[in-house]
Amino acid sequence: MNELIDIYKKYVLDQMELDIENCFQFLEYYICISEDKKIEECIEFISTHFSKIDENQLMLISKKLGIEILHKLFSNNELAVKDEDTFARLIINLIKESEIYYPLLEYVNLEFCSDILMDEIDGLANGNEKIVYKSYRNSVIRLRNINGFNPREILPKIKELKNSDDFYSIYEFLDEISRKEDQKINSLAYDEGFCDKRNQDGHSILHKASCDGNLKLMEYLCKCGVNIEAKDKYGITPLSMASLFKQLDAVKYLISIGADKEAKDDDGCTPLMCASIFGHLEVVKCLISNGADKEAKNNDGQTPLICASISGHLEVVKYLIFIGTDKEAKDNGGRTPLIYASKFGHLEVFKYLISIGADQEAKDNLGQTAIIWASQKGHYEVVKNLISSGVNSGVKDNAGNNLLKCASKKGYLEIVEYLISIGADKEAKNNDGQTPLICASISGHLEVVKYLIFIGTDKEAKDNGGRTPLIYASKFGHLEVFKYRISIGADKEAKDIYRCTSLMHTSISGFLGIVEYLISNGADKDAKENYGHTPLILASYGGDIEVIKYLISVGADKEAKSKDGNTPLFWASYMGHLNIVKYLISIGVDKDAQNLKGETSLHWSSKYGKLEVVQFLISNGANKELADNNGYTPLITAINSCKFNVAKYLISIGADMTANNNELWVSLIKAFNYEKYMEVVNFVSVVSDIDAKNDDVLPQLINTYHNNILSMIMYLILFGAKINAKTKDGKTPLIIAAYWNNLDAVKHFISAGADIEAKSNNGDTPLIVASNEGNYDIFHYLISVGADKCAKNKNGENPLIAASQKGHLRVVKYLISCGADIEEKNNAGCTPLICASINGHLDVVKYLISAGADKDAKNNEGKTPLSVSWGDVKNYLLSII
């Protein structure tokens, strides 16, 4: 028998992990071998997972295991039932099978059973009254200690919610258990992390409880140790949340347990500001009484008083003033509480602040006072009250806007009439020279315009740009204002300082109705402004095709040119207005017309990267090879402007890359100047037919743009650039790369066949240049590939002399170690030691002497190292004589 049990364990149980499907198999096995500890573990597992086990399986196994095991199972404190009726039904069914199961009734929590189940249990009492009585008695005892919830039903709920993201279900669950005062359940919920759950706004359970004023839950959470300063995604703490939602008791509680009453959210608002913004007076008083800073400022510099004034909460404003809050405090924009009350039209707050002496002439950073704000926001009563209290009605802001101008621009007729009635200057101008009538015309307020005209305002007044009210009405498309102005005789041909008429302004803005009205009333359709642009040219720039079609239909010159020779097609191409380009081509405009620079529309669209326009012009026969006055074709123009998508297209359709080839490469070099490195490299790699054999292309590129261009250099060499080509001063790409310390370029040039002994016009080899500049890595590499360390330039300087006179000790040491002649002289007879002494390089002097250099050597003038030395070098040489 034992052997069979061992085999069963080895080949069955050991292959499984304990779960709800096999838990009874394990239990049977451990009962069979009397393994008490394992039996207890199985009972513990079954108890905590009881609600998930199939009811039919429970019936079968209960009858199989016997009542003793069932007593252990049902008496377990961790027993988790689906609901009490289901558990009771299991026991009733067992009792119906056999009366030996009657004692199990004592484990039913009758207080949570339905009436139907209670009646059924009463029917089982025949002869077993004591057991039923005991069950009832236990239920009554439990009812004395709990408030109507079944702990055995809570455990499955905890497991269900453990991995849930349903914030509000978790909140409701915690709210429920917090009212039951069951420490074990409360602790379990906390241990499972429920108290730290957050919703999509970052609100914690404590935030939500504070918002709701749920004191019981708040107390439970805080006793569990949750963070009372936790912030949501907006930086709001629970105390600020309670303050926002007028939860006074919650505010008091949080303060009592040490919540930071000065905590700021992401906007810098404290709890006091939150309460002030929403007018929660009792909360404000509570916070103040507990020491909250009444002058604290948020990120915008607003105090609680400013916040209350913005929102118009009079009682809060009064209280804050009563406790001594600064009534003249300014925010970052320089606005005071009075300015804000005026701006938002809070009349009672405004009156109160005036009554206590608030400065009614205070200005914000824009120079705007309370009355200016009231005027431009349309608060008539505030304006009247300020005027009656003696405020300066002639005040202007920093832009020179007075009250009448502000009210006119916003269209507040009642205020306009009132200001005129008290003598406001109807012709006053702001810093831009705009009158109230101009401002009303800009904004299209017809009734204000009519009123100002009615009282005799100058209808042809001009601002600093020479624009009249009619020009502004046309510019901004205010048709009714425009018609009215025309009806009373406004000058339709009036011009601004650029000689732009109303027709020009409305053409560029695209207001067809006004264009038609002007033309029908005789406006000059071919008038030109200072630069020679006609209404049609300007409309082509603006992009409204209906305006263009209308102007053409009434005879506007489709080939009109500006002073620079630009036609409507030029400007449509420049702006990329493909529909207009198509229309103009369809009516026969000259697609190859040239301006004074020799540019065509194709040049302009290429220059500004308007690929679709380029493609359309080409498809309709535009000359892709036509050069401008500088010899630039559209291809070169596109590359000059780094519009490589256009350049690739032009090449793909056969644009000539051999014509002006040098200009093509100069254009690519210019593109490097704009740091378009990878774009140029990519372009060159794609366009494989470019001839790069010009003598000065590669050295010019290296000398001008010595960094970040190795890839470009490689492509140039690949396409035939001359590796040993020289600049005007005789420098090869290798010499230039050595000068600029570009080791990668040096290596690549040498691998591509660069002459390592090439000399510039003054005889410098790459090695001499590297020595002179102290570029050790390049110097070392050149030596390693056989560069002549004895080569001299036209001044007789070799690498050692060059390095010595520049003080490059590391290069000097390496040359000496390689056998360089320490006594070699230049054309002036100077040795390396004399050169180092002349230039004050003490460390080089010391090394050369230590290496055996003749300290008494003389140059052609008979001067020794000592005689040419100075400073520290001289002192050193004297010390070793």
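Yeah, the Cβs are placed from backbone N, Cα and C, and that goes for glycine too.
Sequence-distant contacts of the repeat 'ANK' (201-233) (same chain, six or more residues past either end, CB-CB distance under 8 Å): 167, 170-171, 174-175, 177-179, 186-187, 190, 194-195, 239, 241-242, 244-245, 247, 249-250, 253-254, 257-260, 263, 265. The repeat 'ANK' feature in TrEMBL is assigned to 201-233 (among others).
Taken through DSSP, the repeat 'ANK' (234-266) splits into 16 helix, 0 strand, 17 coil. Among the features that TrEMBL reports, repeat 'ANK' is placed at 234-266 (among others).
As annotated by TrEMBL, repeat 'ANK' applies to 267-299 (among others). When the repeat 'ANK' (267-299) is classified with DSSP, helix, strand and coil residues number 16 helix, 0 strand, 17 coil.
Packing against the repeat 'ANK' (333-365) from elsewhere in the chain are residues 300-301, 305-306, 308-314, 317-318, 321, 327, 371, 373-374, 377-379, 381-382, 385-386, 389, 391-392, 395, 397: each is 6 or more residues past its ends and has a CB under 8 Å from a CB in it. Sequence annotations record features per position, and here TrEMBL assigns repeat 'ANK' to 333-365 (among others).
Applying DSSP to the repeat 'ANK' (399-431) sorts its residues as follows: 17 helix, 0 strand, 16 coil. Residues or ranges marked as repeat 'ANK' by TrEMBL: 399-431 (among others).
Tertiary neighbourhood of the repeat 'ANK' (432-464): same-chain residues 399-400, 404-405, 407-413, 416-417, 420, 426, 470, 472-473, 476-478, 480-481, 484-485, 488-491, 494, 496, selected by CB-CB distance under 8 Å and a gap of 6+ residues from either end. Taken from TrEMBL, the feature repeat 'ANK' covers 432-464 (among others).
What TrEMBL records for 531-563 (among others) is repeat 'ANK'. When the repeat 'ANK' (531-563) is classified with DSSP, helix, strand and coil residues number 17 helix, 0 strand, 16 coil.
Cβ atoms under 8 Å from those of the repeat 'ANK' (597-629) belong to residues 564-565, 567, 569-570, 572-576, 578, 581-582, 585, 591, 635, 637-638, 640-641, 643, 645-647, 649-650, 653-656, 659-660 of the same chain, restricted to positions at least 6 beyond its ends. Per TrEMBL, the feature repeat 'ANK' maps to 597-629 (among others).
Among the features that TrEMBL reports, repeat 'ANK' is placed at 630-662 (among others). Summed and averaged per residue, pLDDT over the repeat 'ANK' (630-662) gives 82.
Residues annotated as repeat 'ANK' in TrEMBL: 729-761 (among others).
Annotation source TrEMBL lists repeat 'ANK' at 762-794 (among others). Away from its own ends, the repeat 'ANK' (762-794) comes close to residues 729-730, 732, 734-735, 737-739, 741-743, 746-747, 750, 756, 800, 802-803, 806-808, 810-811, 814-815, 818, 820-821, 824, 826 of its chain (Cβ-Cβ under 8 Å, at least six residues beyond either end).
Taken from TrEMBL, the feature repeat 'ANK' applies to 795-827 (among others).
Residue counts of the repeat 'ANK' (333-365) by helix, strand and coil are 16 helix, 0 strand, 17 coil (DSSP-based). Counting residue by residue with DSSP, the repeat 'ANK' (729-761) contains 16 helix, 0 strand, 17 coil. Per DSSP, the repeat 'ANK' (597-629) is made up of 16 helix, 0 strand, 17 coil.
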